[in-house]
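Student: The domain 'Pirin N-terminal' annotation in TrEMBL covers 70-163. According to TrEMBL, the feature Fe cation binding site maps to HIS102, HIS104, HIS146, GLU148. The domain 'Pirin C-terminal' annotation in TrEMBL covers 216-320.
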Amino acid sequence: MRAAVTAIASHRRLLLPVLQSFQTSITTNRNRTIVRNIMSEMDPTSFARPRLVTKKVLAKHQREGDGAIVRRCIGRSELKSLDPFLMMDDFSVSPPAGFPDHPHRGFETVTYMTQGGITHQDFAGHKGTIHTGDVQWMTAGKGIIHSEMPAGEGVHKGLQLWINLSSQDKMIEPRYQELLSEDIPSAEQDGAEVRVIAGESMGVRSPVYTRTPTMYLDFSLRPRAQVHQHVPESWNAFAYILEGEGVFGYQNKTPISANHVLVLGPGDGVSVWNKSSKPLRFVLIAGQPLNEPVVQYGPFVMNTQAEIDQTIEDYHYSKNGFEMAKHWRSH
Ligand code: FJE
Ligand code: FE
């Protein structure tokens, strides 16, 4: 039996379909536990080094911008940053609140709407509204000045993630990638649905170009569904629960509820189970760390204090990327 187990294990990929049918025919005999052990080893959905929750933080409400309410996930004191991520807010705005004219330099902002719409206008004449399920992937690079305001009455919600750019990319030309909800690739497997905002999952790939390699997945799990997502070993990863409660890492862990941020430790992938009777929705975000010094002054993120000083000067005198700021105001 030992030899057979070893042989099977070394041919796991080829033999898996055979073994799966084999299992159903053998589970009732007295080799049951052995078969189960083989099967857990064979299970393509488990990882050699599963990522476990190393930190769990409840993102409470705070005020931000002009009267907006945010649950800060990354960027709060307990979770200053998670290289390459600088900040993530779960935001909620109702008029007249919003994020009026402000600059960015040195990183990307990714806005993903969960309810309502946000209208953005920038100093280069770029303007538009993103609605529920849409994504705006904005590479601020050398400089963007814009406003982000609720599109009409009522409550508008979404996630905004700030991804740092490497020193070589901080001063690149600004760029927008906008994806309408219907253009976001999605897939479903046994009650687990994924929307792929960046990277790849369940065999589907996002068209978004990530300058700093990033994975951004929005999972919805029906009761009893589970998901096993590969995440590159060297990347930093976290999850944020939007709705319901989920078991993260190992099957026997205590479920974690909505509005918690979970840092996922080292490993090759993460497993999540919905053991509740309600839907579970969470985002899984991972990125390749830049391992560079970070000096942040509000919406400017550079590598050194000298670069920040330069940025403040550029912004003040409308130069080196802020030229169009001279006579611009949102309307
Ligand atoms: C910003 C204060 C801010 N979280 N979530 C200071 F509020 C902002 C800012 C945002 C923001 C915008 C949206 Cl649409 C969603 C957000 C903070 O605009 F950039 C600085 N520096
Ligand atoms: Fe902004």
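From the backbone N, Cα and C atoms, a Cβ is placed for every residue, glycine too.
Where the annotation comes from TrEMBL, it is an automatic prediction and has not been curated.
Are these features on the surface or tucked inside, and what touches them?
Tutor: Regional average pLDDT for the domain 'Pirin N-terminal' (70-163) in the model is 98.
Sequence-distant contacts of GLU148 (Fe cation binding site), defined as residues of its own chain at least six apart whose C-beta falls under 8 angstroms from its C-beta, comprise GLY98, PHE99, THR111, ILE118, THR119, HIS120. DSSP assigns GLU148 (Fe cation binding site) to a strand.
When DSSP labels each residue, the domain 'Pirin C-terminal' (216-320) comes out as 12 helix, 49 strand, 44 coil, counted as helix, strand and coil in that order.
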Student: For HIS104 (Fe cation binding site), what residues in its own chain, 6 or more apart in sequence, show a Cβ-Cβ distance under 8 Å?
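Tutor: The answer is MET138, ALA140, GLY143, ILE144, ILE145, HIS146, PRO299, PHE300.
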Student: What is the set of residues, excluding HIS102, HIS104, HIS146, GLU148, whose C-beta falls within 8 angstroms of the centroid of the C-beta atoms at the Fe cation site?
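Tutor: Result: PHE99, ASP101, PRO103, THR109, HIS120, ASP122, ILE144, ILE145, SER147, PRO299.
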Student: Only counting partners 6 or more residues apart, tell me which same-chain residues put their Cβ under 8 Å from the Cβ of HIS102 (Fe cation binding site).
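Tutor: Listed in sequence order: ILE145, HIS146, SER147, PRO299.
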Student: So if I draw a 10 Å sphere around the Cβ of HIS146 (Fe cation binding site), how many other Cβ atoms end up inside it?
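Tutor: The answer is 24.
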Student: Near ligand 1, which of the binding-site residues HIS102, HIS146, GLU148 are found, taking a Cβ distance under 6 A to any of its atoms?
Tutor: HIS102, GLU148
